[in-house]
Amino acid sequence: MAHPYMPRDLNLLDYVPNSLSQSTILAVFGLSSFVVVSLIWLISGLYFFLSLPLFVILFKWLISVPGRCAKISKLDRWLMCWWTFTGLTHIILEGYFAFSPEFYKEKTGFYLAEVWKEYSKGDSRYAARDVGVVAVEGITAVFEGPLSLLATFAIAKGKSYSYILQFAISLGQLYGTAVYFITAYMEGDKFAASAYYYYAYYVIANSFWVVIPTLISIRCWKKICSAFQLQGQKKNKVR
């Protein structure tokens, strides 16, 4: 069956069209993301929820002292939302892609396969299983996904390694995104079905993993430098 991807002569044997509409796919992703972010935001900031036995049990892995998260700044709460969102995106969405080489043949309407069939309209290298894209997504899913969730934990617990961890993950995300864009450019940047899909999926959707990691990297760099500077001042005073 003919596929909607570019180039048109791309060989996708046994391709099965999307069962779900674009609006349905985007709505499910948007709603699930909203639920995740909302839960983390509420849990990280409302002492009332933390005082309920059910929430204490469910999120015992995140907090050890009642009300601990109520002391977290709003910026750190937003960062917890971001790291949870991006971590689950890496593990679930990108993890499925990395380990499902024939998702474009899926006939059951399985949501994760539908996502990648749709996204491939903005970058057909996903449907074509471009080795560079598979490698980047595989590394992202296996390493950056779990580490992103660890970053959420580190912020909530006030761990000393929080800023170093966030800095490292952000650099990894920026590196992966750079490889993703540069390889497409070097190959002619000809993988979108139309200008709409090019800008909506390839440019705008990926821009979040450029802008946010850049801002986080700058913040963490400043925090780490300040910590070493303070440590140096303390040593000088002791001397």
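Backbone N, Cα and C atoms are what each Cβ position is placed from, and that goes for glycine too.
Positions annotated as domain 'EXPERA' by TrEMBL: 75-217.
What TrEMBL lists as transmembrane segment is 25-58 (among others).
The transmembrane segment annotation in TrEMBL covers 79-99 (among others).
Beyond the transmembrane segment (131-156), the same-chain residues lying 6 or more positions past its ends with a Cβ under 8 Å from any Cβ of the stretch are 40, 44, 61-63, 68-69, 72, 76, 79-80, 83-84, 86-91, 94-95, 97-99, 123, 125, 162, 165-166, 168-169, 172-173, 176, 179-180, 183. Per TrEMBL, the feature transmembrane segment maps to 131-156 (among others).
Annotation comment: TrEMBL describes 163-186 (among others) as transmembrane segment. Away from its own ends, the transmembrane segment (163-186) comes close to residues 79, 83, 86, 123, 125, 130, 132-133, 136, 139-140, 143-144, 147-148, 150-151, 154-155, 202, 206, 209-210, 213-214, 216-217, 220-221, 223-224, 227 of its chain (Cβ-Cβ under 8 Å, at least six residues beyond either end).
Annotation source TrEMBL lists transmembrane segment at 198-218 (among others). Long-range contacts of the transmembrane segment (198-218) within the same chain: residues 79, 82, 86, 119, 121-123, 166-167, 169-171, 173-174, 176-177, 180-181, 184, 191-192, each at least 6 residues beyond the stretch ends and with a Cβ under 8 Å from a Cβ of the stretch.
A mean pLDDT of 96 is what the model gives for the domain 'EXPERA' (75-217).
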